[in-house]
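J.: Quick one: this structure, given as structure tokens, is what I'll be asking you about.
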Amino acid sequence: LVVAFLVAYHQNKQLIGEKGLLPCKLYLQNVKRYFKGKINLDALSYAPTIIWFLDWSDMDTTLDYLSLFGLATSAFVLITGCANMVLMAVLWVLYLSLVNVGQIWYSFGWESQLLETGFLGIFLCPLWTLSRLPQHCPPSNIVIWGFRWLIFRIMLGAGLIKIRGDRCWRELTCMDYHYETQPVPNPIAYFMHRSPWWFHQFETLVNHFIELVVPFFLFLGRRMCIIHGLLQILFQVLLIISGNLSFLNWLTIVPSIACFDDISLGFLFSSRPGGVKERLARMQLKEAAKEKLPLGCYIRKVVNISFGLLIAYLSIPVVLNLLSSRQVMNTSFTPLRIVNTYGAFGSITKERTEVILQGTSSLDPNDPTAIWEEYDFKCKPGDLKRRPCFITPYHYRLDWLMWFAAFQTYEQNEWIIHLAGKLLAQEEEALSLMATNPFAGKTPPRWIRGEHFKYKFSQPRGKHASEGKWWIRKRIGPYFPPVNLRGLKKFYEDRNWPYPVRD
């Protein structure tokens, strides 16, 4: 959550703020208009967010406050190791509020997974006290199994979507392409891509074993459950090393911890007098002596049972989806995203294509002598000599969406034309999303265009690598034609987007 709120604070204004690529104020106004201009139960159910009840006159400030409050609260929990149901519920509501106005920028599966994990975390904690160890009511087995049920669905869903999806998963060839074509490769992926074919086949087999077989270890007793937890954590660590999948793999480690019991985790805690182990022993003695529990514990048991029934009920469409031959991945069946369906890389792109934004100060964009200069993004491939980045668990949302845009059309991603207009106007908010501005301190660009390229890793120790190039590329053609500010005016007006004004 710390990373998620940090990403939100750094990027929300540019993506969904007043001058954002997809302003959330406009999105909420459209939702309100759809429901006859009222903020009623239907509107709240469609987009559950506390922003409905906050000030819209300065959306940037509102988004900043939500992000900073969430960042401070989650940092407190992380540093102190103390939390209660109230704090966890606040964090869940804050992030739910951002996700439900984030539109495509928050459309990734790990957003729902973070919300489901956070919702489970509410019931893991004591109601009021900030003690690391509740005095009377230990975490319920219902909640522990809620986490185990989560990791089971995450892994099995990912495995089934692969087997039912791209044939390369069945032919054991997907890893021949994955390292090169994943959304944001890192330097290790550059070398892993050149592994021999038999090693890639072995990787694919291991992936199927971890995602399709190991999840059932959860139901085969204590020892197999612990083995499940160890294998899943090791698997996530390998994924963290080999790619920049945001905070997804870090987050997936969390429910895996629920596979371990107190005995297996005991070495992590001090045995000194007054420590956690001693206090736990006292609680167990009281439980064995069947001392009368306070009323709150009985209320908590009722709450836990109700929680378990809720999870079971919301799991029905998720289980049906897992059993379906038309399985969908990363889908929420309720707007609160309490129980979701997951999956990853159901299909693998065999070639990597990139959209490269270029600008020119030339009066005529069709002039063959016009000099086109490229904008580099924070992390996605662009400059052939730039080393692939290593940013996990941080997440550059725009870079990820550029990956999707590259195998779609600009008509399917109108925000990319919005971005082009902002770059033409030299807007600071948009430029902050970029790694470089080739027109800094120079005449602003008069035209921006999108060019489509096919990218491949260079061969280690080969000709291109000796020139310092991590990538080689070949032009496919234009992605979108040259545009200027004047020509974009009607495009902006039709979508009620604020028209960028050049400083």
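The chain as shown is numbered from 1 upward.
Heads up, the Cβ atoms here are built off N, Cα and C, so glycines get one too.
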J.: Quick check on the annotations: TrEMBL lists transmembrane segment for one of 108-130, 246-268, 384-406. Which range is it?
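T.: In TrEMBL, residues 108-130 carry the label transmembrane segment.
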J.: Which numbers of helix, strand and coil residues does DSSP report for the domain 'Lipase maturation factor 1/2 C-terminal' (338-481)?
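T.: The domain 'Lipase maturation factor 1/2 C-terminal' (338-481) comes out at 31 helix, 37 strand, 76 coil.
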J.: Would you mind giving the whole-number mean pLDDT across the domain 'Lipase maturation factor 1/2 C-terminal' (338-481)?
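T.: A mean pLDDT of 93 is what the model gives the domain 'Lipase maturation factor 1/2 C-terminal' (338-481).
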